[in-house]
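Trainee: Before we start, here is the structure in question, set down as structure tokens.
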Amino acid sequence: MLDTDSPRVRAVLPLLYVAWADGVLTPSEAETIRGHLRTQEWLDASTREAICDHLDPQSPPTPTQYFRWIRTLRDGAGDAAVTTRCSLAELGMALANVGGDGTALPEASRRALEDIEAALNIDGEEVVRDLLGERPEPSPVEPEAPFDTDAMRRLLDGPHAELREDIRTLLQDPVFEYQDGLGTEAYREQVLRWCEHLADQGLGALAYPDAYGGGGDMEKFIVAFETLAYHDLSLVVKFGVQFGLFGGSIHHLGTERHHEEYLDRVGTLDLPGCFAMSEWGHGSNVRELETTARYDPTTEEFVINTPHDGARKEWIGNAAAHGQVATVFAQLRTDGEEHGVHAFLVPIRADDGTPKPRVRIEDCGEKVGLNGVDNGRLWFDQVRIPRANLLDRYAQVAPDGTYDSPIPSSGKRFFTMLSTLIGGRISVARAGLSAAKSGLTIAVRYGNRRRQFGPKDEPEVPLLDYRTHKRRLLPRLATTYALHFALDDLTARFARKGRGESLEAIEAEANALKAYATWHTSATLQEAREACGGQGYRADTRIGRLRADTDVFTTFEGDNTVLMLQVAKGLLSDFQREFRDMNLWGMARLVADEVATQVQELNPVVTRTTDPDHLRALPFQQSALTYRAEKQLQNVGRRLQRRIDDGMEPFDAFVDVQDHLVQCARADAERMILERFADAVEGVEDADLRETLTTLRRLFALSRIEADLDWFLEAGYVSGSKAKAIRGAVNDLCDEVRPQAEALVNAFGIPDALLGAPIATKPGPGPK
């Protein structure tokens, strides 16, 4: 072991430190140092041998040894009052003088150390600065934002700002404090207690009629759901299962007698319930569910049955521990006739928590996330329930088994019943976006505080000043704002459904936004985690938890890929209908319009225009995204028609082009999101807010065009020079957003107590 009290060893110690700084000493570096040391008469043989023993590339110092060297260097530098503006040779000489016996080393030793430093091609001053942890004082992290953060928050909070603020305040009550390290059972009970507190505040019943504790306001319920998602996502999901899915099924599919018997108890959580739709063998294909509900007119009862193990209800929230009643979706049969899927209220637990006779319940166990939600499996063995337990708003069964429905078409009836899921899809999209907002808030704040590297003799640079860091976070921030306004618009239209807009159109948009928003959430949280480096991997940073909890958001309330296929199918139907309803003149005019559009859009002057004002302009951005959406729709329509003309079955043809269909749906979703965002920005009265949001709108649109530049180049919509200009414009817009980034995430209004991430809520380490 080196004697670090020896003046001669201390003189060489800075060079040993830097030689092993990257954990690797090359043979040439080792021989360079050894060669110089062999000629130094001021080093006695034993000291020279001890130093050379630590220059073996095959035998690096242990971490403990290396740490001792660093401590000796730092302590000695402090005693010698060494500044960071010195070389390694000067540092070594200073250490030798303060740690020795008072005998000064010869001048030859200084020259020898300088020769070794030069031979290693080292910037000694930079090494000393890093070693001693000293840099010039950095400038303030964030300049003042060009807009009022509180005003932006009020704009984002919208017409239900008071409700949002009430929920933020409620969630900061000590009763909602995060409890880390809980086992699964304790975590589930904690989430149940939290849900009870929310019910006590009347939040669960917001969408129910006044008579049952609510105000009949679905928009308020969705806003509450979204705001709760700044807290624990297991709480949000359990809240949604109890009050949205279970209570919502009774509210929307039941009639007044069901409301009177159940809704008040559901809204107060006196009656915990679950929503039993998905089966092991059928999740997305609800029409083919296999659980049966056979009507027995002799007892006026429905007999609920699981015909085989693959028909068990799967992943049912609230089923494993707390649910007492389930809304069970099953195939209705009366007098041997099939009537399709209907909903029934089936008791599954007695008051003491044990399963009801002929009901079997299993716990789904540990999951990747959301372990505060008690997901379970359900089997029914000829379980009898009263005739009144059919949720019969859209179909009734008389005592003698006669079936009647105000909706004659079974397909239309099925769609109408499933339309109750639209609110859930919007809610999940908004809750997922809240998680993305939390992740971005943590990552952007950390990126402002964390500093790494910098120019010589200058302060280290905040991470968010680096091009790569801006690129990975700021376009996602712009997309988050775009989705916020698009979902705001959709929520308001859904809440006033039936007023001049078809439910089918709202459902199509809900499907597209649910898929797009939750995919965005997953990708954003992964990027945020990586942007925080090792700190992002800490449990108390919460990004990992958010990422795990929202992972399933891409699957439940509709698998995203399936939803996008439904969107594409709807677009194709509209496209086909447009042609079918046209006479010859109309078709000719449509073709002429398409040709005119292509001539205009593919005009060489337009495709090559690189002027920044042109690229930033809304008309160019809307035209580009609209052209792509329409062109991809036309192309996929032609692909389908060509396959069918060649004799392929329509189903097989549809399957064969599914990749193109999903691409088509995503393109249309981005077109629609830009349209909604632009409309919202246009309506903002505050000039400063409007200017900032316009910058975000530009960044969202151009980043989406940039992400699909291969398609635009292949289609001839942009030239190579224009593609290069678009990339440059995205960089420029990231630079413009960067000084406002922290203010923009602060405008989300997420309290520090809910973020729960020390790296985003507490001062970071001091400047280096």
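Cβ coordinates come from backbone N, Cα and C, glycine included.
Where the annotation comes from TrEMBL, it is an automatic prediction and has not been curated.
Positions annotated as domain 'Acyl-CoA dehydrogenase/oxidase N-terminal' by TrEMBL: 160-266. According to TrEMBL, the domain 'Acyl-CoA oxidase/dehydrogenase middle' annotation covers 274-383. Annotation comment: TrEMBL describes 419-572 as domain 'Acyl-CoA oxidase C-alpha1'. The annotation domain 'Acyl-CoA oxidase C-terminal' is assigned in TrEMBL to 623-762.
Quick one: where do these features end up spatially?
Mentor: This prediction places the mean pLDDT of the domain 'Acyl-CoA oxidase/dehydrogenase middle' (274-383) at 96.
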Trainee: Per DSSP, what is the residue count of the domain 'Acyl-CoA oxidase/dehydrogenase middle' (274-383) in each of helix, strand and coil?
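Mentor: Grouping H, G, I as helix and E, B as strand yields 6 helix, 52 strand, 52 coil.
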Trainee: When secondary structure is assigned with DSSP, how many helix, strand and coil residues does the domain 'Acyl-CoA dehydrogenase/oxidase N-terminal' (160-266) contain?
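Mentor: Going by DSSP assignments, the domain 'Acyl-CoA dehydrogenase/oxidase N-terminal' (160-266) contains 78 helix, 0 strand, 29 coil.
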Trainee: DSSP helix, strand and coil counts for the domain 'Acyl-CoA oxidase C-terminal' (623-762)?
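Mentor: Summed over the domain 'Acyl-CoA oxidase C-terminal' (623-762), the classes give 117 helix, 0 strand, 23 coil.
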